[in-house]
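Notes follow the structure.
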């Protein structure tokens with residue numbers, strides 16, 4: 001099955017923003033932080049550490065929970081919160097000396113801030129600022145201290161420099177890894193765009209070579225028939241005039257389609273959820289009754305993922321219109337957790353049109369897109385009057 005003609009898309013650019021919905025891994029970190037908050041509360045109630053220091057640790061542990069929950073969905077606010085909380089925790093740690101508060105697992109927030117800003121921000125300024133802040137923090141890190149039988153002692157000289165350098169090395173590796181993952185995604189976007197442009201050029205060429213030439217020949221033959229005069233009756237002249245007029249209009253439309261397919265600067269609105277909502281509206285106008293449940297924000301910062309989502313929805317609705325006909329009812333659901341899940345359930349509103357010999361070509365192309373992202377696409381059309389499609393693919397493109 002092919003796809004219905006739709007507006008073209010501009011070459012997508014990585015945006016460096018993510019959807020507002022918390023991701024599953026972030027919620028796992030938040031759950032661990034909540035468990036750690038309970039542990040700090042139990043420690044505070046046991047009275048084994050100074051009262052004010054233990055109480056502050058409990059408050060900080062609780063505040064870490066929402067910061068971890070939006071670590072990658074609200075990158076900059078989460079990075080600010082994690083940085084501030086880490087600094088306050090460090091100050092509290094020093095204030096409690098010589099009491100031993102231990103090295104908190106919350107220190108994992110330091111490399112997490114570096115990763116999230118470097119991975120999900122398109123600019124370099126914000127990631128570099130946050131990375132620099134974490135690098136400065138390394139000079140005051142509790143990791144530079146160790147417990148002797150009598151007291152805490154801070155590393156000095158070469159030993160201190162070595163510990164700082166080790167922390168910088170870890171942060172540097174995290175930063176480079178995150179930017180490399182982003183660069184790999186950008187390369188994948190460019191690669192898929194190149195494939196799409198080649199496909200568009202090929203389709204444009206085939207349309208021009210087959211339809212345009214055939215319509216031109218029909219138009220010329222109709223015109224020649226009109227010029228014969230003599231034996232042409234009024235009715236035949238009317239028919240020939242209609243053929244010439246329709247073929248001329250069709251030829252202009254074909255040329256318009258070819259120009260559209262070859263255009264490098266079509267609108268960008270189709271790559272986001274707003275474009276999908278517009279597309280759903282167009283299919284409603286074409287005769288489908290669609291009940292759509294769509295997320296409010298964007299499903300991903302990845303344009304590859306957004307474009308794949310659009311193609312899945314577009315192909316599914318096109319197939320309903322083509323193979324089940326106008327009047328069909330459709331339940332469309334798009335859900336986002338750690339993956340994008342699309343469910344399309346449709347029922348024909350009348351007799352089901354006969355399938356064409358080339359049915360399935362469009363779905364094959366969509367399945368290839370989905371599988372390229374590491375996802376799956378399942379279609380059940382065992383009952384022609386009732387079709388069911390389920391697609392799932394990652395929110396983040398693997399590096």
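Each residue, glycine too, has its Cβ placed from N, Cα and C.
The model shown is predicted, which means the values in this text are computed figures rather than measured ones.
According to TrEMBL:
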{"type": "DOMAIN", "residues": "307-382", "note": "domain 'Histidine kinase/HSP90-like ATPase'"}
{"type": "TRANSMEM", "residues": "27-47", "note": "transmembrane segment"}
{"type": "TRANSMEM", "residues": "53-71", "note": "transmembrane segment"}
{"type": "TRANSMEM", "residues": "78-95", "note": "transmembrane segment"}
{"type": "TRANSMEM", "residues": "101-118", "note": "transmembrane segment"}
{"type": "TRANSMEM", "residues": "125-148", "note": "transmembrane segment"}
{"type": "TRANSMEM", "residues": "160-178", "note": "transmembrane segment"}
Legend entry - Long-range neighbours of the transmembrane segment (160-178), counting only residues six or more past its ends (CB under 8 A): 110-111, 114-116, 118-119, 127, 131, 134-135, 138-139, 141, 143-144, 154
Inset, instruction - Restricting to the domain 'Histidine kinase/HSP90-like ATPase' (307-382), report the mean pLDDT as a whole number. - result: 85
Inset, instruction - Answer with yes or no whether the transmembrane segment (101-118) touches the transmembrane segment (53-71) by the criterion of at least three Cβ pairs under 8 A, sequence separation 6 or more. - result: yes
Legend entry - Tertiary contacts of the transmembrane segment (78-95), as residues 6+ beyond its ends and Cβ separation under 8 Å: 53, 56-57, 60, 63-64, 66-68, 70-72, 101, 104, 106-107, 109-110, 112-113, 116-117, 130, 133-134, 137, 140-142
Inset, instruction - Could you put numbers on the helix, strand and coil content of the domain 'Histidine kinase/HSP90-like ATPase' (307-382), residue by residue per DSSP? - result: 29 helix, 24 strand, 23 coil
